[in-house]
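**Q** Handing you this structure, nothing more for now.
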Amino acid sequence: MLRGQAREEDSVVLIDMASPEAGNGCSYGSTAQASEAGKQQVVPSRVGSSAKPPIDFVLVWEEDLRNQENPTKDKTDTHEVWRETFLENLCLAGLKIDQHDVQDEAAAVHYILLRAPWAVLCYYAEDLRLKLPLQELPNQASNWSATLLEWLGIPNILLEHVPDTPPEYYSCQFKASKLQWFLGSDNQDTFFTSTKRHQILFEILAKTPYGHEKKGLFGIDQLLAEGVFSAAFPLHDGPFSAVPESSQVLGLTQRQVLFQHWARWGKWNKYQPLDHVRRYFGEKVALYFAWLGFYTGWLLPAAVVGTVVFLVGCFLVFSDIPTQELCHSSDSFDMCPLCSDCSFWLLSSACTLAQAGRLFDHGGTVFFSLFMALWAVLLLEYWKRKNATLAYRWDCSDYEDIEERPRPQFAATAPMTALNPITGEDEPYFPEKNRVRRMLAGSVVLLMMVAVVIMCLVSVILYRAVMAIIVSRSDNAFLSAWASRIASLTGSVVNLVFILILSKVYVLLAQVLTRWEMHRTQTEFEDAFTLKVFIFQFVNFYASPVYLAFFKGRFVGYPGNYHTLFGIRNEECPAGGCLSELAQELLVIMVGKQIINNVQEVLVPKLKGCWQKFSRGKKAGTGTHPAPWEADYELLPCEGLFHEYLEMVLQFGFVTIFVAACPLAPLFALLNNWVEIRLDARKFVCEYRRPVAERAQDIGIWFHILTGLTHLAVISNAFLLAFSSDFLPRVYYSWTRAPDLHGFLNFTLARAPPTFTSAHNRTCRYRAFRDDDGHYSPTYWTLLAIRLAFVIVFEHVVFSIGRFLDLLVPDIPESVEIKVKREYYLAKQALAENEALLGATGAKDDQPPSSEPSLGLPA
C-alpha cells in the first residue's frame with residue numbers, strides 16, 4: 001500500500017460544501033461579550049427545510065463571577081481562547097449555534113445549543129457510512145421461552161405489551177445522490193432519527209480543532225479533560241415521568257416508554273424491551289442489556305441445581321460417618337500444635353468446622369462441577385446464536401469490518417496515511433511495529449502491577465499467620481478455639497480492601513497506556529483497554545482464592561520440620577479442610593463486592609445528584625420548570641459500560657472457576673443480577689445524561705474472555721476436586737478398606753516423628769499421608785497417581801463433550817442464514833433489473849444505491 005505523510009498545517013475548516021453553511025463567513029464572537037449580553041445567537045441560513053432543526057447537542061461551561069482577579073487568570077484566558085476558536089470552527093463546519101445563559105451575582109452557567117442543518121446531516125451521514133432504512137418490515141422479535149410457553153399453552157407472566165414497538169428495516173449506507181430511494185426522505189425533519197443526529201454531531205465535535213491538531217488540541221474530549229467545558233451531551237427525550245393528561249393526548253415519549261416498561265422495579269419479572277433500548281441508546285447499550293438478561297436467565301437452572309447440591313450437603317452433615325467420628329472422638333485424637341508457641345489440642349474441638357466443611361465437600365460437588373462446565377459451554381454457544389440474531393435484526397453484522405471509521409484521536413495524531421484494502425479509501429495509519437513496541441512496554445507495566453498484587457497477597461498471608469498466633473494465645477476459650485477461622489475471615493476483609501484500592505489505580509493507568517498505543521478504531525481501543533484491565537483484575541480478585549485452593553496447606557512440613565515463610569510457619573488447612581475456607585473467601589469477595597457495588601450504584605448517584613442540585617441551585621434560575629438542557633445538566637455524566645461488563649465477567653469467573661467449593665455462587669449471582677438489570681436500566685433512563693448512541697455488532701473482547709474463563713474453569717475444578725477435596729481419598733478408602741468409611745478419620749492422620757515426641761514427651765497426630773519418620777507413605781503416592789489420572793480424565797471428558805456441543809449447536813440460527821441468503825438473492829435480482837433499466841433509458845442518475853442491506857454475517 002502506498003503511504004503518504006500526513007499534512008502538518010493546522011486546518012480549521014472541516015467540510016467544504018456548496019452551501020451557505022460552508023461559506024457564510026459566520027463568526028461566533030467573544031464568549032465574554034455573550035456573557036455580558038445575556039444571550040447571543042448565531043444562526044446561519046437554513047438549507048432543505050423551513051422548520052427550525054431540533055437541538056442536537058449541548059455544551060456547558062461555568063464561570064465564576066466573584067474572583068475576576070485570581071491566580072489562575074492566565075489559564076482562564078487560555079481556556080477562553082480555546083473555547084472561542086472551537087465554537088468558531090463549529091460554525092464554519094455548518095452548525096447553528098444558540099447560547100442560553102443563567103447567572104446571578106456569584107456565577108454564570110453558559111449553555112451552547114447546537115443544531116445541525118440538513119446539508120450538514122447529509123454530508124456527514126455519507127462520510128460516516130450511516131445505514132438508513134430503504135423498506136419497512138414487521139418486527140420479528142422473538143424469545144425462545146415465550147415460544148415454548150405458547151406451544152405448551154402455559155400463560156407467560158414474563159410477556160408484556162410495550163407500546164410503540166420499533167419496526168425493522170432493510171437498510172443500506174446513505175448516499176446523498178440517491179436520497180429519493182430512502183424511506184421517509186420526503187420529510188427532512190424526521191428523516192434522521194435523534195440517535196443518528198447525535199452520532200453526526202459527536203463526530204463533528206470529536207474532530208473539530210481549537211489549536212494545532214498535531215499538538216493534540218482538538219476534539220471535545222480533550223476540552224472536557226482540560227476543564228474548558230463542564231459537559232457535552234445530547235438531550236433526553238423529555239422527562240422520564242409522564243403527566244397523565246399529556247400522555248393520553250400526546251402519547252408517551254421514548255424515554256417515558258422505557259421508564260414505564262423497563263426501568264421500574266416492578267418490572268423485574270418482565271422481558272426487557274431490547275428494541276426500544278436499541279432505538280433510544282444504540283446497539284452497544286442494547287447488546288449489554290441483552291447479554292445481561294441472557295446470562296441472568298441461564299443462571300436460573302444453575303442456581304436451582306446448586307441449591308439442591310448444598311441442601312444435600314446439609315443432610316449429609318448429620319449422617320456422614322467420618323464427621324460423626326470426629327465429633328464423638330472426645331480425647332482420642334490429640335493434635336500437634338498449630339504454631340511454635342501453641343499448645344496441643346483435641347480434634348473433637350473442631351467439630352463445627354468439620355461439619356461446615358462437609359456442607360461443600362461431598363460427592364454432589366463432583367456432579368455439580370461437571371454440570372457447571374457444560375452449562376458454561378452451552379451458555380456461550382447459545383449466546384453466539386442470540387448475538388447473531390440481534391446483529392442481523394439491528395443491521396450491524398458487518399459494522400466492525402466495513403462501517404467502523406478510525407477514531408478521531410487516532411486520525412488527528414497518526415503520522416501517515418495508507419489505503420484501506422476493504423473500502424479503498426485513504427485513511428490515517430500508524431506503523432504496526434511501533435504499536436507492538438508500545439504494547440510490549442505497556443505489558444511491562446502490567447507485570448509490575450501484578451507483582452504489587454502478589455506482594456499484597458503475601459502480606460495478607462503473613463497477616464493471617466500472625467493473627468492466628470495472637471488470637472490462639474487469648475485467655476478466651478472461644479477465641480482460642482476459633483483462632484484460625486477469625487484470622488481467615490479478617491484476612492478476607494483486608495484482601496477485599498486491597499482489591500478495591502488497586503483496582504481504582506490500575507484502571508487509570510490502563511487508560512493512559514491504551515491511548516499511547518494508538519489503536520485505529522474505537523472497538524480496537526476498547527478491546528485493548530479491556531484486556532489490560534481484566535488481566536490485572538483477574539490476578540487482583542482471584543489471587544487469594546487460588547492460594548487457598550491450590551497452595552495453602554501444601555508446603556507445611558511435619559512436626560519437628562515445619563517450613564516457614566519469612567520466619568513464620570506456613571499456614572495449615574483447618575479441620576474442615578481448605579475447601580470450606582475457600583467457600584468463605586468466595587462469599588466474602590463475591591457477595592461483599594456485589595453489596596458494595598449495588599450500594600454505590602444506588603446511593604452514589606443520588607448523593608451526587610443532590611450535591612449538583614445544591615451546588616448549582618443558585619444558578620438554575622427561579623422558574624419551577626427548568627429548560628430541558630438545564631434539567632439534563634443536573635443529571636450525572638454517563639460512565640460507559642466497561643465497569644458493568646467487568647463486574648459481570650468477574651462474577652462469571654467466581655460462578656464457574658471455583659464452583660466446586662461454593663455451590664451457592666450461582667444463586668447469589670442470580671439474585672444480584674435481578675437487581676442489577678433494573679438498577680442499570682434506571683441509571684440510564686433516570687439518573688444519567690443521555691449517552692451518544694454507539695453501534696456495535698457484539699460484546700467485543702468480553703466474549704473471548706468468557707471463553708477463556710470457561711476453559712480455565714474446567715481445569716480449576718478438576719484440580720479442586722482432585723487435590724483440595726476429600727472426595728478421592730474417601731473413594732479410595734471405600735474401595736480398599738471399608739465401604740462404610742469407618743476408620744477413615746484415623747486413615748487421614750499421621751503420627752508425629754519420634755524426635756518430636758521425645759522432645760515434647762507427648763505423642764500427637766496431624767493431617768497427612770506420612771510414615772512415622774515424616775516421609776511420604778505409599779498411600780500418598782497412590783493417591784497422587786489417582787488424583788492426576790482424575791484431572792486428565794475429567795478435563796478430557798468435559799472438553800470432549802463441550803467440543804461436541806459446539807459442533808452440534810450452529811453459531812448462526814438457520815432462520816437467520818435463510819434471511820441473509822434471501823437478501824443476497826433479492827439484491828442481485830434488483831441489481832440486474834436496474835442495469836437493464838439503465839441500459840434502456842440511460843437514466844444513470846436515478847439508479848438505486850448499490851449497497852446491500854444486512855448482508856454480512858457476524859464475524
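Glycine is no exception: its Cβ is also placed from the backbone N, Cα and C atoms.
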**Q** With TrEMBL as the source, identify the stretch among 62-82, 608-628, 839-859 annotated region 'Disordered'.
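**A** Checked against TrEMBL: region 'Disordered' maps to 839-859.
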**Q** Below 8 Å between Cβ atoms, which of the listed ranges 285-318, 486-509, 529-550, 652-675, 780-799 makes the most pairs with the transmembrane segment (440-466)?
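**A** Between the candidates 285-318, 486-509, 529-550, 652-675, 780-799, the best contact partner of the transmembrane segment (440-466) is 486-509.
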**Q** Six or more residues out from either end of the transmembrane segment (652-675), which same-chain residues have a Cβ under 8 Å from its Cβ atoms?
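**A** Residues packing against the transmembrane segment (652-675) from afar: 268, 292, 295-296, 299-300, 302-303, 305-307, 309-310, 313, 360, 364-366, 368-369, 372-373, 376, 538, 541-542, 545, 549, 579, 582-583, 586-587, 589-591, 594, 598, 706, 709-710, 712-713, 716-717, 720-721, 724-725.
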**Q** Give the nonlocal contacts of the transmembrane segment (529-550) in its own chain as ranges (CB under 8 Å, at least six residues past its ends).
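**A** Long-range Cβ neighbours of the transmembrane segment (529-550): 442, 446, 449-450, 453-454, 457, 460-461, 492, 495, 499, 502-503, 506-507, 510-511, 513-514, 578, 581-582, 585-586, 589, 593, 642, 645-646, 649-650, 653, 657-658, 661, 700-702, 705, 716, 719-720, 723-724.
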